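Worksheet: the structure to be examined is printed underneath.
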């Protein structure tokens, strides 16, 4: 038994790199690994006709929402409208092969569009390059199995980010809802422009925008009406965005007076499917100059990190929401999303990710496999090929109403209440994130929220829960120390200073022994080990001994390997009374030896 303890204390288990590499190599050669990277190989052999009908209906229903949303998000991104449609089809096809969640639809989203908008600077080349580079970053993270990174972003931060983005996007459309021209889609600038130019509101646009918004909100509830036509009301509710666009186009076309339109419209949309070509690695600059790849990357700046991160976060959050109890393979989802962005960039797409609205519609429509994305992608391609002239009549007020109606339900009211109810201090990172996102930028809002959360974690790790109480055991005053959390380098000095202060306050020579109970200390680092040894020396100056009782062998071994002579400080298995008795006898024996000398 004693030999086993010594072996555990003086032997440190290190990962066997050779064995890990060998196992990983074996896994790469197994059919299950191929199915993991190509999920279509798993479900396609089981595919049947009933699935095809369900996928077709769901895909077409999603497509009717994807088309008006893509047009709207192209406008939000500050790009020509057709770029929204360019972004809406390729991701659908790629996700069929690589995706793991049958409900997810990949394409342009409001948050992605808003984040891209600040980097477009009048040139779509930046948006397309950003799509390609974001895809590369996401793909590399997926191959490195770094899906775990999203766990470091807390729920209060993601809730605040989503809420702030929804408020910003909705605010950016308030001017279009009333037919007012606005130079900016930012939160403060949009409302300032609205109130200073409210006299310029156009009656036709205002009526169309407000009525469309009210009807869209009412149509969300049509599916819940108690009637005998549940299937009909369900699909009317799901297709509400498409119905709003069709009605808006018909009104705009029928009420036009020659070349004069009754509403501010989307304008001309370039007809045809985009050419398959490399993403732009250079772009025209000012005064006839050409900006190279390095200059473009420099101009994109922090977005090369923030957009992939937000893209991953959105997509994986949606996958978890619709996984129905299944474990989400975050790394495979990242691989799928990375490939979607890379291949989409060859068709002039802006960055894309999973869409919660369209995924919800896909799920409600009864989709059975990711094959539903094929119908959505084909519908978008048909719209690009044949309907772009028609789309030029879409009123901006209609698109604004569609966006605002979606953003109203992106604000996570219930989640904010749950955070407040469960732990009020979590409102701090939520509030910081929301305020920075609204009044500065989305990227820095997320960074600030993560930083505030990190400060909370670091503070907690630097000040672990330590309880000290004085007991008399076998007539010996003993300070019992209970450390209720793991110790790391940030908390090492805190433990030492708290113990020294406690012993000093009791008075000189009052406390004869300090016992640190170690049941909950599973691991320590070298800094903690050095501070434990230093603590023993400082306590000896106060005529006080130190015992580490029943520590985890792995934690105790760090100290023992640092200084072998400190092995005597650790006691295992014995009761606390026996430990104190042995310590008292040892101290008495030492004193007797000194007196004899």
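Along the chain as shown, the residues are counted starting at 1.
Using N, Cα and C of the backbone, Cβ positions are placed for all residues, glycine too.
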Quick one: sort out which of 126-153, 154-181 is the transmembrane segment according to TrEMBL. 126-153
Sequence-remote contacts (6 or more beyond its ends) of the transmembrane segment (83-105), Cβ cut-off under 8 Å? 37-40, 62, 66-67, 69-75, 77, 113, 124, 127, 131, 269, 274, 315, 318-319, 322-323, 328-329, 332-333, 335-336, 339-341, 343-344, 346-350, 352, 354-355, 358-359, 362-363, 367-374, 376-378, 380-381, 383-384
Of 201-219, 231-251, 334-354, 366-386, 431-459, whichever stretch has the most CB pairs under 8 A to the transmembrane segment (126-153): 334-354
Do you know the DSSP helix, strand and coil residue counts for the domain 'STAS' (468-539)? 32 helix, 19 strand, 21 coil
With the transmembrane segment (201-219) as the reference, find which of 49-71, 366-386, 393-411 contributes the most Cβ pairs under 8 Å. 393-411
Sort out the residues at least 6 away from either end of the transmembrane segment (231-251), same chain, that have Cβ-Cβ distances under 8 Å to it, and list them. 61, 64-65, 67-69, 208, 212, 215-216, 219-223, 225, 262-263, 361, 364-365, 390-391, 393-395, 397-399, 401-402
Long-range neighbours of the transmembrane segment (366-386), counting only residues six or more past its ends (CB under 8 A): 39-40, 43, 47, 50-52, 54-60, 62-64, 66-67, 70, 82, 85-86, 88-93, 95-96, 99, 101-106, 271-274, 358
